[in-house]
């Protein structure tokens, strides 16, 4: 460190050092022990080199003074050769300790760090994530990349630094002991050796940080596109996405070029070594002539000085990794240390002995931190008596959900207080407070684990009986027990394997298991169909007995039994009282809301209510049924049927090690840079042997007796050294800049090609477990980067190594073939050692990377569902799951550390042994007068220094090993043929469509669960220009029809025709331009509202955008926002309410002016007021287009031209509303309508 501190001044060094200590923050006692042993090993390993030089100096002196008395000469050489063998044994032990201990402790600390980081992230308050600080992408990068950076520094860089520091100290000790004059004079040259490395570290670290920050943007774009592939496809926005992605990558590439240049200057300035040799050689010759020192000693000391300086330089070059690691560790620590304003971990605060559950809001002021300029509550008051049910109704954005968010303490009010049992909730212990409340929200968050685990989130220590009881209460027990794996069925990422209704019931079971005093239902039934809704509603009524319940509902029918109904409008309670009282006031807000919701047939109040919700499921439904087992099937298949497993097998073994040539072909446009770079690398390869030759010749000059001759030759060789120094500087800049440019453009090209390719894959591909958005994104981030270093740094290295080896071997054989042959023969031993290490590391890197992906998936999921985790205080549980996912990597790493130790030990000691052999054999050849001392020195220097070059290249092979895997996985993506080609050039591109859809004899099952048949011989025709409604229970196949019309999936048998032409004959992207899709959970992208509306429509004027927004009834609310159409939507549109998102999604579909409009439960998630407006908008838009409407709320589809009733994948009835109702009790439709109205009638009694 000393040199570094001196160079940078104490003030600068201190923070670097203290921040570097954060890397070790996560070590425990065992780690400290391992690190101490590792430290000893690394120091021993470092000192072995100067000791080797000491022994060498003696051998050189023996050899140089000539073989006068053969016998004595041989025995001297032999003794020293034997000493080298002893040294080899010692260095084996040391290097083993160095390799083993550090590798072992690195993994331990990194995994502890990951867990702590995740714990800290989960501890943050909701506000932290609202303020764009912690988008999911960032957390994933930190869990995977940052912790890997730290692990890498601990396992490789720290020991390397210590070893070099020891080598530096040892070398100068040897130098002063043997020849203090030379050492003293040459001491200042150390500074020259260090400065380049040091400056370089500084500049590069800055660049590295900027490059990393730069990649977060393209990363976020990719994450959104992949996680919302259906939306991207249906709006044909692949091009738009790619354009944004490329633009975001452009900046990274520019920074990368700067990095290449900086690298070249830095590495090139190492040419200073040669200049230093020039000086040492000249001064050494004077010492030999005038002070009578021996040539071997002069050589050994000169070598020690340079070796020591270089060791210090390369030790300090690790400093740049240290600063990378410390900034990674700091980033992680910053989160770990951040105490959120609302701290779920804190144990301060009181607990009430017994909670009655009275809730009161008193003069509350509040605005969301991300939009401080739009206050939600100005002075909000509401009292909920203990044990009563209060329903909040009102338009979108009136502040209903905010009430729940404040009560759960996701946020704190800026003024006023929220009280439970008369105590301000800020005074209560947070975990305890949340334990008193059960939250069921509109979009239930499930975790990718089993159903049982999901329910246990409610209460950790619940028994199996309690879980079943909770599931029964939530009406979930029956469908769970029908799944092949029952409660152990895996739910899939974000719960995709389950239908909406199923997810919701699991979420309710989770809340019930908690047996909370206060139950918070945020639209808990809005996503269910009539039947599930009735059951769930009963479950909720049961659950809310004797509890304080706050219900938010759009469907008024569901809340008529509430004790108090609070009607909210723009953040105030406008009316308060029971249903009968409020409905009596004809001009009141409530009675008008109820009238709004009444069915067109004025049949009864609020069919909508009930139904409304139903709706949602519908959508899921189709998936649902299908999905229903999906999970099951997935897991089962994985285990029993082996489907999934097969998938894997077919994919995994097919990753052949890709040909490097193919990678280079991707780089073809940069052929000029490739030529320049390769040429520079070849020349640079030759510099090493040339220098060694001069070096060897120089040693023999020292043993000459004629002073004039010594002076003359010294001058020649000194000039050669200076020339090499200049050449090396220029050549390196050429090499690094050119290869850097190749690498950057290659990375950009690979990322673009991969994403472009992924966006052609059929939707079924995204449904697979291994293709979760998290996994794909980390592949885009990491693999492309690895490939860059493969081309940029490794390829240069390979070329220069090959060039150096060929030149050196040729020279060696020409000068002294006997010795050269022996030396060349033992080189492979060293290489094999490094190679063995590399192969072992390769097989390991695979396993640990797989394990990493598992854990980043978990982390991503946890962050997406932060509110749920917070509300259930289930951070511990998530962390336990995370711990389990770390088990695999832990076992792996233990084996890895053994191999690391053995490999390092063997390769280090073998090198010393080969030196021993060379000297012994060289001595014999000299004794037999086969070669002169000069030839021995030259050959030895040339081949040994080349051995070092190969060894260095060998140490890079670990990166090559990682690289090969990355390249394979990149090509696996690029080579995969999609099963549904979105852009078939032969496909028909319609100018416009009539919109006639004909589905004939279709058999269908979702690819992720081929064993669950959705349709068998299904037939349906949809008339052009007419609206067709699909109704039916969950799982009857409604959404599947929409998936088939969009061609997200292909049927197994049968055909889907549009305008009489098989859908497979169309160019899919051209076809999708004429189809507009509005689904239940609208996907908005991070960007402004305007960007979201024009999404996929490249050209649209301002007027068209506003018209579309007006038609979707969104113009007014958009114009009221502070930034209007330029308002930022946030990640996945979190800044907007459900109704607002939905209207933007509708505007987006309208702007497309589609011939076929698909509405998959488009209004299910809205409250009555927004729903009426949106419904009117949809009715307007549907005129003159083919429309396919999936709805649960039957009131919304009475005006459709044709209503098709589905049951279990078959059409059971079709006709208009009137004709179907006329069938009376025998009709399925009639009974569905009745069910929905019956709901209301019961309510009335």
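Note that Cβ sites are derived from N, Cα and C of the backbone, with glycine treated the same way.
The shown structure was predicted, so the numbers you read here are calculated from the model rather than taken from an experiment.
Among the features that Swiss-Prot reports, transmembrane segment is placed at 35-55 (among others).
The domain 'ABC transmembrane type-1 1' annotation in Swiss-Prot covers 35-324 and is backed by sequence analysis.
The transmembrane segment annotation in Swiss-Prot covers 83-103 (among others).
Taken from Swiss-Prot, the feature N-linked glycosylation site covers 145 (among others), and the record attributes it to sequence analysis. A sphere of 10 angstroms centred on the C-beta of residue 145 (N-linked glycosylation site) encloses 19 other C-beta atoms.
Feature annotation from Swiss-Prot assigns transmembrane segment to 158-180 (among others). Proximity of distant same-chain residues to the transmembrane segment (158-180), defined by a Cβ-Cβ separation under 8 Å and at least 6 residues beyond the stretch ends, is recorded for 1, 3, 38-39, 41-47, 49-51, 53-54, 57, 98-99, 102, 187, 287, 293, 297-298, 300-301, 304-305, 307-309, 311-312, 314-316, 318-319, 322.
Annotated transmembrane segment per Swiss-Prot: 184-206 (among others), in sequence order.
Same-chain residues lying 6+ beyond the ends of the transmembrane segment (264-284) with a Cβ under 8 Å from its Cβ atoms: 182, 185-186, 189, 192-193, 195-197, 199-200, 203-204, 298-299, 301-302, 305-306, 309-310, 313, 691, 695, 698, 702, 714-715, 717-719, 721-722, 724-737, 740. Under the heading transmembrane segment, Swiss-Prot lists 264-284 (among others), citing sequence analysis as support.
Per Swiss-Prot, transmembrane segment is recorded for 296-316 (among others).
Look at Swiss-Prot and you will find 354 (among others) tagged as N-linked glycosylation site. Remark: residue 354 (N-linked glycosylation site) has no non-local neighbours by Cβ distance under 8 Å and separation of at least 6 in sequence.
The domain 'ABC transporter 1' annotation in Swiss-Prot covers 359-595.
Sequence annotations record features per position, and here Swiss-Prot assigns ATP 1 binding site to 394, 395, 396, 397, 398, 399, 400, 401 based on sequence analysis. Residue 397 (ATP 1 binding site) carries neither a helix nor a strand DSSP state and counts as coil.
Positions annotated as region 'Disordered' by Swiss-Prot: 610-654.
The annotation domain 'ABC transmembrane type-1 2' is assigned in Swiss-Prot to 674-962.
Feature annotation from Swiss-Prot assigns transmembrane segment to 679-699 (among others).
Residues annotated as transmembrane segment in Swiss-Prot, with sequence analysis given as evidence: 717-737 (among others).
Residues annotated as N-linked glycosylation site in Swiss-Prot, with sequence analysis given as evidence: 771 (among others). Look at residue 771 (N-linked glycosylation site): DSSP puts it in a helix.
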### Message
Averaging the per-residue pLDDT over the domain 'ABC transporter 1' (359-595), what integer do you get?
### Response
82
### Query
At the Cα level, what's the spacing in Å between residue 1032 (ATP 2 binding site) and residue 396 (ATP 1 binding site), rounded?
28
### Task
Using a Cβ cut-off of under 8 Å, list the residues of the same chain at least 6 residues beyond the transmembrane segment (717-737) that approach it.
257, 260-261, 263-265, 267-275, 277-279, 281-282, 676-677, 679-681, 683-684, 687, 690-691, 694, 697-698, 701, 796, 800
#### Entry: DSSP state at residue 1038 (ATP 2 binding site), helix/strand/coil
helix
### Around the Cβ of residue 1039 (ATP 2 binding site), the count of other Cβ atoms that are within 10 Å
30
### seg_contact(the transmembrane segment (296-316), the transmembrane segment (83-103)) with at least 3 CB pairs under 8 angstroms, min sep 6
no
### Message
Short question: most Cβ pairs under 8 Å with the transmembrane segment (897-917), which of 35-55, 184-206, 679-699, 797-817?
### Response
35-55
## Note on the structure
Comparing 35-324, 359-595, 674-962 for Cβ pairs under 8 Å with the domain 'ABC transporter 2' (999-1233), the winner is 359-595
### Message
Which residues of the chain, 6 or more past the ends of the transmembrane segment (797-817), have a CB below 8 A from one of its CBs?
### Response
678, 681-686, 688-690, 692-693, 735, 823-824, 925, 931, 935-936, 938-939, 942-943, 945-946, 949-950, 952-953, 956
### Task
For each of the binding-site residues (400, 1038), count the other CB atoms lying within 10 A of its CB, then report the residue with the highest count.
1038
#### Entry: Cα distance (Å, whole number) from residue 397 (ATP 1 binding site) to residue 145 (N-linked glycosylation site)
39
### Query
Who sits close to residue 398 (ATP 1 binding site): which same-chain residues at least 6 apart have their Cβ under 8 Å from its Cβ?
568, 569, 570, 571
### Task
For residue 395 (ATP 1 binding site), just count the other CB atoms lying within 10 A of its CB, please.
22
